[in-house]
Amino acid sequence: MEKIKKQNNIGSYSSDKDGEYKKFRFSKTSIRGFLLKEYEREVPIIVKIQSYRNKFLDFYFKMASILGEEVFFILALPISTWCVATQLGVELCVVLALTIGGGNILKNTFTLPRPPPNIVWTNTAHQKDHGLPSTHTASAFGLTFYFLIYTYFLFPTIGESFNISLLSMFFIVLFWSTSVMFSRLYNGHHTPMDVIAGLIVAITSILATTYQLRYFIEGMVLSETFLFGPMLYIAILSAILFFHPQANTGPTPAYPETGLVCGASLGSLISLWLHAQHPCPLMNQELLLLEANYDSIVSTIHSIPLLLHGSRILIGLVLVGIAKVFSKKFFFFAYDLVIRANTNNEQSQPITTVSFDPNKKIIVTPTIEAFSKLFVYTCVSFTIVSMPYLFYYLNIQTSADVTRYY
């Protein structure tokens with residue numbers, strides 16, 4: 001185990017500082033020390049799991065791991081919003097922020113290492129952030145099981161429309177999420193302790209959203225005053241990013257990812273607030289039928305449900321992609337102007353560089369990168385939840401656009 005112990009030196013506190021905190025039984029340092037010992041004990045478990053490797057499992061768990069990526073869920077969230085219910089998409093964004101954002105805060109707090117790559121085989125690219133908890137596990141369990149709870153327990157009429165029994169949907173969701181969880185072990189990215197911690201984060205996020213946060217969202221959405229609605233949420237998320245712990249081992253993707261998922265929840269909530277204040281018009285079915293008689297395209301689209309939903313998803317994803325590109329360019333263009341207006345001082349090599357002048361580069365600190373993702377994904381999720389207005393004018397509206405559950 002000597003090699004493993006050597007890996008643990010990364011990001012660990014000095015022995016002097018450890019001694020300083022020994023009197024605090026529940027200090028961060030003592031907890032981290034306990035978790036590090038457990039980490040050392042569990043690395044051989046990963047080696048044992050990987051002793052059963054074969055080509056099929058390599059491929060299967062590589063694909064399963066993708067199903068837990070936050071980018072995958074952000075691409076999949078529009079389907080829930082446009083094909084099931086607008087409010088469902090918003091609440092899933094909140095669960096995404098809780099699971100990944102909360103997980104990243106824990107990652108940067110305890111800075112526990114991942115299984116050492118010189119001992120453990122990795123199926124995919126080596127992860128640059130820390131280990132505990134597994135945010136793939138947290139987001140996979142959190143989002144899929146909240147989807148199940150929302151559609152079969154909170155609003156069972158939605159589940160009935162799927163023509164899938166509750167038991168069947170439960171096993172689908174369980175198979176999906178457990179595949180993601182085991183992929184993190186098989187691929188050599190996490191120890192059992194990490195995925196168990198991710199599962200705890202997921203359960204906590206589901207319970208918090210189901211029994212408390214969804215009522216907070218309802219009160220915020222129905223508030224006629226912008227100050228006590230979206231502005232309150234903006235203040236909360238800004239405080240989270242300002243006080244987000246930074247890893248003492250150097251910058252990692254965890255902090256910017258928190259900005260990303262916070263932006264996803266913020267934009268969707270702002271748009272839902274606008275929906276409450278200015279509801280999307282309900283398409284007149286008689287006029288639609290009359291127009292369909294004269295417009296063969298409208299008639300064809302509405303006669304084939306798969307074509308109707310496919311058209312909505314295609315149009316929506318194109319506009320979401322445009323919103324993402326232009327919001328990012330706008331943020332860094334504005335940031336570039338502010339920086340150049342206030343200083344001409346050349347700094348060290350940036351973590352991320354975005355330049356509109358090929359001869360000059362601007363410096364992007366981790367904080368700026370996190371807030372850039374907050375802004376960009378606020379615009380992205382705002383566009384997603386605002387699409388029902390466009391669908392109305394394009395005559396491709398469905399019940400998902402106008403049904404209210406608050």
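Placed from the backbone N, Cα and C atoms, the Cβ positions cover glycine too.
Annotation source Swiss-Prot lists active site, proton donor at His136. Same-chain residues at least 6 positions away in sequence with a Cβ under 8 Å from that of His136 (active site, proton donor) are, in sequence order, Ser65, Gly68, Glu69, Val180, Met181, Ser183, Arg184, His189, Gly198.
Remark: His190 (active site, nucleophile) has Arg114, Pro115, Gly131, Leu132, Ser134, Thr137, Arg184, Gly198 as non-local neighbours, by Cβ distance under 8 Å and separation of at least 6 in sequence. Summarising the annotation, Swiss-Prot assigns active site, nucleophile to His190 and lists similarity to another entry as the type of evidence.
Along the region 'Phosphatase sequence motif II' (133-136), the predicted structure has mean pLDDT 90. Feature annotation from Swiss-Prot assigns region 'Phosphatase sequence motif II' to 133-136.
Marked as region 'Phosphatase sequence motif III' by Swiss-Prot on the basis of a curator's inference: 183-194.
The feature site 'Stabilizes the active site histidine for nucleophilic attack' is assigned by Swiss-Prot to Asp194, with similarity to another entry given as support. For Asp194 (site 'Stabilizes the active site histidine for nucleophilic attack'), the same-chain residues lying six or more positions away in sequence with a CB closer than 8 A to its CB are Leu112, Arg114, Gly131, Leu132, Pro133, Ser134, Thr137, Arg184.
Here Swiss-Prot flags 66-86 (among others) as transmembrane segment, drawing on sequence analysis.
Summarising the annotation, Swiss-Prot assigns transmembrane segment to 92-112 (among others).
Taken from Swiss-Prot, the feature transmembrane segment applies to 138-158 (among others).
Swiss-Prot lists 162-182 (among others) with the feature transmembrane segment. Outside the transmembrane segment (162-182) by six or more residues, the chain places 60-61, 64-65, 67-68, 134, 136-137, 140-141, 144-145, 147-148, 151-152, 195, 198-199 with a CB less than 8 A from a CB of the stretch.
Under the heading transmembrane segment, Swiss-Prot lists 193-213 (among others), citing sequence analysis as support.
A Cβ distance under 8 Å defines the sequence-distant neighbours of the transmembrane segment (225-245), meaning residues of its chain 6+ beyond its ends; these are 101, 104-105, 108-109, 255, 258-259, 262, 265-266, 269-270, 273, 367, 370-371, 374. Taken from Swiss-Prot, the feature transmembrane segment applies to 225-245 (among others).
Annotation comment: Swiss-Prot describes 254-274 (among others) as transmembrane segment, evidence class sequence analysis.
According to Swiss-Prot, the transmembrane segment annotation covers 313-333 (among others).
Annotated transmembrane segment per Swiss-Prot: 374-394 (among others), in sequence order.
In this structure, Asp194 (site 'Stabilizes the active site histidine for nucleophilic attack') is part of a helix by DSSP. The transmembrane segment (313-333) makes no contact with the transmembrane segment (254-274), as judged by fewer than three Cβ pairs under 8 Å among residues 6 or more apart in sequence.
Of the candidate ranges 92-112, 138-158, 254-274, 254-274 contributes the most Cβ pairs within a distance under 8 Å of the transmembrane segment (374-394). Within the chain carrying the transmembrane segment (254-274), a Cβ under 8 angstroms from the stretch's Cβ atoms is held by residues 70, 74, 77, 81, 86-87, 89-90, 93-94, 96-97, 100-101, 104-105, 107-108, 129-130, 135, 217, 220-221, 223, 226, 229-230, 233-234, 237, 240-241, 244, 246-247, 366-367, 369-386, all 6 or more beyond its ends. If you look at the transmembrane segment (138-158), the same-chain residues 6 or more away from its ends with a CB under 8 A from one of its CBs are 67-68, 70, 73, 80, 84-85, 88, 91-92, 95-96, 98-100, 102-103, 166, 169-170, 173, 176-177, 180-181, 198-199, 201-203, 205-206, 209-210, 405.
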